[in-house]
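Before anything else, here's the structure in question.
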Amino acid sequence: MLKTLLVQWLVFFFFFLIGSVVTAAEDDGSLSLCNCDDEDSLFSYETILNSQKVGDFLIAIAYFSIPIELVYFVSRTNVPSPYNWVVCEFIAFIVLCGMTHLLAGFTYGPHWPWVMTAVTVFKMLTGIVSFLTALSLVTLLPLLLKAKVREFMLSKKTRELDREVGIIMKQTETSLHVRMLTTKIRTSLDRHTILYTTLVELSKTLGLKNCAVWIPNEIKTEMNLTHELRPRIDDENENEHFGGYAGFSIPISESDVVRIKRSEEVNMLSPGSVLASVTSRGKSGPTVGIRVPMLRVCNFKGGTPEAIHMCYAILVCVLPLRQPQAWTYQELEIVKVVADQVAVAISHAVILEESQLMREKLAEQNRALQVARENALRANQAKAAFEQMMSDAMRCPVRSILGLLPLILQDGKLPENQTVIVDAMRRTSELLVQLVNNAGDINNGTIRAAETHYFSLHSVVKESACVARCLCMANGFGFSAEVYRALPDYVVGDDRKVFQAILHMLGVLMNRKIKGNVTFWVFPESGNSDVSERKDIQEAVWRHCYSKEYMEVRFGFEVTAEGEESSSSSSGSNLEEEEENPSLNACQNIVKYMQGNIRVVEDGLGLVKSVSVVFRFQLRRSMMSRGGGYSGETFRTSTPPSTSH
């Protein structure tokens, strides 16, 4: 800058001197001769000679300093070989010029003769070197022009590199802004906090006038202004001018709304757009809008969240009105990336909200289950207490009876028929106690194993016949019994289960509406149960009993009613009666438990005519050898049916 000013000042001074001389000549009318001899003049002869001498010495000093600078420059830089001769010629030319001016400074006064000779020689050398230098410039100028072109290309490349560096720096700055915005957005897990943080940070980064989020309503008919950077001020003038923005809504069929939702890119909004005018509160600056996917409902079937319906919100950004610049590419990229990050953050927040909601529901269900469990536990405790009370209430009188029965049999003076009745009462009471105990065990979740022991089969048959006679007479049935004396007395088994099964079989027949005569029969099972052939197979049965350790005995009841019609039984009524008869079901369970067989025969009316079961007992030969009273005859007793019914 200083060098330029100095050159301009020297040029101005040169033209000023020329102008002064021309003006003086015009004033005199003719060119006057130099008055160098005038001693009073400023430019006297002495002064001019001294000035020229000083000028020559200064020029010589300057010329001698320039080669020194050139030599220093050449030594500090790598000058290509084609330019070395040119530099040397310039150095020689400048040195000769300096010597010429230096020697010329000694010629303005008295001097030696060799000074003029030296001046002449150096002037000749200077002329020759200057001519050679001029010839060298003819070949040097194209190289200089080529270097200039190369310099221009390098400067152009430099400008392009500067522009690319600027773009890279802008991209880096954009990525930093996006990373900062993403960090701010991801700091919260609440949807409303995420949206509000997005508006605040985006406005700070881009210098926005306003920023708002429009979300569709539940029925997808309108877009509601739900989140805004600057809250509305409800003053009368603003409400009158803009119609009041509190709870503002626009139809979802608006052209800008449809255009933004159909595109994934950032869309520019015109100044007359409803979205732009409402978001900017009147006159809008450069405005853009972009859709933001929002996940509302999740389905967690199979552990994978599935979007039921995609919902799009709209993010609207407005620049200040007086800002001369419009939206840049980097700013649009920031808005697009931020919208994507907001969509991801909102989807994560929705999934967490759904998980929290499911957790709360599960906790509520768990509390309800705990309450139901406590209620069920209290109900079970109450039920167990009630059953225990009922069991105790049933056991007490039965145990009293069991305690009195031995006192009755203590004297041994009772007739045989009364003794049988007392034994039947004892066995019935024991069976009742066992049933009560079994009911308590089932309620407690425990099952007792089968109690197998030696017992008297004859006693069980007699007591069963006694109880059956009493029940039949009480219900208006006649009773008769057919028991084969060929049965062994002592066998191994569960006498209580046998007695219980016999009573259940009798209970099946007691449900008949048509009365009649009930026949109770007991005989060994040998593969043929026809009554007419029973006597013929007694000897074979005895051989079968003594040849094996086990014996099968059939117990059965049969009803004979007067006026019985013969017709084919219906299988459907049979099944229905079996399902409705609890005694038959209980009997079947006992038979299944003891691994026996049951047989039910129906008459023409679909009523049960006979029921029989087959049980397998283990024989005791020592006991059988003492039962020598077996003659193979049939013991029969009968009681006619009651006519009062």
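Each residue, glycine too, has its Cβ placed from N, Cα and C.
Reproduced below are the annotations present in Swiss-Prot:
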type     : residues  : note
TRANSMEM : 5-25      : transmembrane segment
TRANSMEM : 54-74     : transmembrane segment
TRANSMEM : 86-106    : transmembrane segment
BINDING  : C97, H101 : Cu cation binding site
TRANSMEM : 125-145   : transmembrane segment
DOMAIN   : 190-346   : domain 'GAF'
DOMAIN   : 389-623   : domain 'Histidine kinase'
Write out the long-range same-chain contacts of C97 (Cu cation binding site), meaning residues 6 or more apart in sequence whose Cβ is under 8 Å from its Cβ.
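The list for C97 (Cu cation binding site) reads I59, Y63, T126, given in order along the sequence.
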Let's check the environment of H101 (Cu cation binding site): how many other CB atoms sit within 10 Å of its CB?
22
Express the predicted model's confidence over the domain 'Histidine kinase' (389-623) as a mean pLDDT, rounded to an integer.
72
Going by DSSP, give the three-state secondary structure for C97 (Cu cation binding site).
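Looking at the DSSP assignment, C97 (Cu cation binding site) belongs to a helix.
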